[in-house]
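Colleague: After the structure tokens below, expect a handful of questions from me.
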Amino acid sequence: MAEFNHVHSVTEMPEGDDAKCSFQNRMFLEPQEKKRSVKSLVVKQAKKSCSCTPAKVKDYVFSFFPVLQWLPKYKLREYLLGDIMSGVIVGVLLVPQSIAYSLLAGQEPIYGLYTSFFAGIIYFIFGTSRHISVGIFGVLCLMVGQVVDRELQRAGYDLEPDVLSVLTDTAGYVNTTISPVNRTSQKLLCDKSCYAITVGATVTFIAGIYQVAMGFFQVGFVSVYLSDSLLSGFVTGASFTILTSQAKYLLGLDIPRSSGIGSVIATWINIFRNIHKTNICDLITSFLCFLVLIPTKELNEHFKSKLKAPIPVELFVIVAATLASRFGKLRETYGSSVAGHIPTGFLPPSPPDWNLIPNVALDAIPIAIIGFAITVSLSEMFAKKHGYSVKANQEMYAIGFCNIIPSFFHCFTTSAALAKTLVKESTGCRTQMSGMLTSLVILLVLLVIAPLFYSLQKCVLAVITIVNLRGALRKFKDLPKMWYLSRVDTVIWIVTMASSALISTEIGLLVGVCFSMLCVIFRTQRPEAPLLGWVAESETYESLSAYKNLQTKPGIVVFRFEAPLYYINKECFKSTLYKQTGVNPVWVKTAKKKAAKRMLREKEVDSGGNETSISMDFVSEPLGFHTIVIDCCAVQFLDTAGICTLKEVCRDYREIDVQVLLAQCNPSVRSSLIRGEFFKEGEDHLLFHSVHQAVDFALGSQGHSGTSASK
């Protein structure tokens, strides 16, 4: 018997040495008995989930608060110096970036500092990665800023400044206990900055709820649909949108921020329409900042192996620019736009605006997915690099609470950021304590230094934001190498990048996910399906189109289908098999029937004619092979359509005296064949552990048939 598992049909064995050889080449496997009692599984899981013991409670608390595990084991002498150094350096770098990225999110600078402060403390408590830096991330700031701009317009903050000031002053005299006449006057009870952070905090709260829910229901698998090429293309495309949104600050233009589909193109049109209004002071300041920042950043990267810490050039630029603006009176003399008053201390906590949740619930979904996907991927990457493990589920909880809790303290969305994580790693970070020290640096700025940045020009912050996009924009240099490695990944990168930049970030992400899924479907719909040849002096069979000097066995065709066989590619399987073998059994059967009918008609008219002999020759024309061996090693699964297709192919070939053998089927495929009653079609459908065994069986059975025919 060559059948596996529950296949019990017995074939007639060849006699003599052939029978002995054939029997020895076969293998017998007894399947494991699988207990599939749904009731027992449910009861077992319920007992496991509902049981409560002191040990289980302790394990749950320690796993939910990882700080309780690693902090008591903290080695002061070994870890403290590296954590202090990395924490202080990242904090110094994070201060100017927090202020700059606040503009990107449509917020006042103080809220960026709040966000970075709270994110570091909360990740210190809930996070499992020792190296990632959680804080402001440019792409998420852009996505939050787009939602904020839309809601500001809906609330009436896109009105002319004079009208807006009148409404605000009037609203100031309205008793807050009295319901406003309309929605616009209600929103204007707090100014534009107040309402902007209310929208940002509400989006952040909902995104955090989504992330915690993903962790609770363990649906982190959705991140597998965000491949590296897709995420890279999305970040690069979003970088163009970020650059575009900051261009107006470089030129000192006061133009409305475009949002929605095609915002990049609309923004550049507005910029060129108002180019004559460029503030020369802001333009010169931007140019000088670029001259300082770009070369210094390049030197930092070039000599990062020799430098103990990167040069905090951004901080130096901000200090110098603030002093120049303050003592040069650039705002009063040239009309430069400055950061304005940055208060010290903390505002009292306030809940999100529950009435805004229906407006922003959908916008929070891509923000939540991008945030946790980047955080989990960076956590796993650095954990693998340094030889420790992280819990992906706990990371989703951590980043979720980094958004939920700070949303009550006037903060917006955070996630891990690659650039700051690399700095943190390279400066000696050993544990999560480094993030706490970073928060302490930001706390110092919040309590003491923040008001000193009043005169800082916004164009300087825009330059800092744009310079930090260099890493994403450099991905274009990697395109030739990516094309060489995988053309499909390159096309996914280009499509995601273009749609994110030219349409919108949210739609670009959706387009990228859908396109990458379509690529997977198309690759399984039209897979490789080569004929195989025998490698001499071995039991190996490889593709005839890929390798030279392969041999073929007479009368045997070996065919490999390199994809699952299911409803999408079933027709491709049949057409490719017919093309590779050169024989379509349906056509052969049809031709034989037509020839037989023609013979019958000709016999009735005139027997023994020339045409009749031609027809007889046609009917008995040999096919060139007697066996097809289908190598199923790359067929991961079969569905109902795939099983029916195999049945149909085997039946059609059997009717023209060609047997079909299956080899190297995995347990899932074998189980599907058994459940689909594949083996009831006839005794010629045999399964083999290897292609070599199937070929040997075919040669033996054909030799036995030839001997019997000669007798």
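In case you wondered, yes, glycine gets a Cβ from its N, Cα and C as well.
Automatic prediction, not curation, is the source of TrEMBL annotations.
Since this is a predicted model, take the numbers as computed values, not measurements.
Copied straight from TrEMBL:
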| type | residues | note |
| --- | --- | --- |
| DOMAIN | 546-698 | domain 'STAS' |
| TRANSMEM | 79-104 | transmembrane segment |
| TRANSMEM | 110-126 | transmembrane segment |
| TRANSMEM | 193-213 | transmembrane segment |
| TRANSMEM | 219-243 | transmembrane segment |
| TRANSMEM | 275-295 | transmembrane segment |
| TRANSMEM | 356-376 | transmembrane segment |
| TRANSMEM | 397-419 | transmembrane segment |
| TRANSMEM | 439-469 | transmembrane segment |
| TRANSMEM | 490-518 | transmembrane segment |
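A description of the local structural setting of each listed feature is requested, covering burial, neighbours and distances.
Modeller: Outside the transmembrane segment (79-104), and at least 6 residues removed from its termini, the chain residues within Cβ reach (under 8 Å) are 110-113, 115-116, 133, 135-136, 138, 141-142, 145, 242, 245-246, 249, 308-310, 312, 314-315, 317-318, 339, 420, 423-425, 427-431, 433-442, 445, 453, 456, 458, 461-462, 464-465, 468.
Residues 64, 105, 107, 111, 114-116, 118-119, 122-123, 126-129, 132-138, 140-141, 143-144, 197, 200-205, 207-212, 214-215, 346-347, 349-352, 367, 370-372, 374-375, 378-379, 468, 471 of the same chain sit 6 or more residues outside the transmembrane segment (397-419) yet have a Cβ under 8 Å from a Cβ within it.
Long-range contacts of the transmembrane segment (490-518) within its own chain (CB-CB distance under 8 A, at least 6 residues past either end) are made by residues 139, 142-143, 146, 225-227, 229-230, 232-234, 236-238, 240-241, 260-265, 363, 366, 369-370, 475, 479, 482-483.
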Colleague: Considering only Cβ pairs within less than 8 angstroms, which of the stretches 193-213, 219-243, 356-376, 439-469 has the most against the transmembrane segment (110-126)?
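Modeller: Highest pair count goes to 439-469.
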Colleague: Residues of the same chain, at least six outside the transmembrane segment (193-213), with any C-beta under 8 angstroms of its C-beta?
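Modeller: Residues 105-108, 111, 144, 147-148, 151-152, 155, 157, 187, 219, 352-353, 356-357, 360-361, 363-365, 367-369, 371-372, 396-397, 399-408, 410-413 contact the transmembrane segment (193-213) from elsewhere in the chain.
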Colleague: Taking a Cβ cut-off under 8 Å, which residues six or more beyond the ends of the transmembrane segment (219-243) line up next to it in the same chain?
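Modeller: Same-chain residues near the transmembrane segment (219-243) but 6 or more away: 104, 138-139, 142-143, 213, 263-264, 369-370, 372-374, 376-377, 392-393, 396, 465-466, 469, 472-473, 475-476, 482, 486, 489-490, 492-501, 505, 508-509, 512-513, 516-517.
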Colleague: Express the predicted model's confidence over the domain 'STAS' (546-698) as a mean pLDDT, rounded to an integer.
Modeller: 80
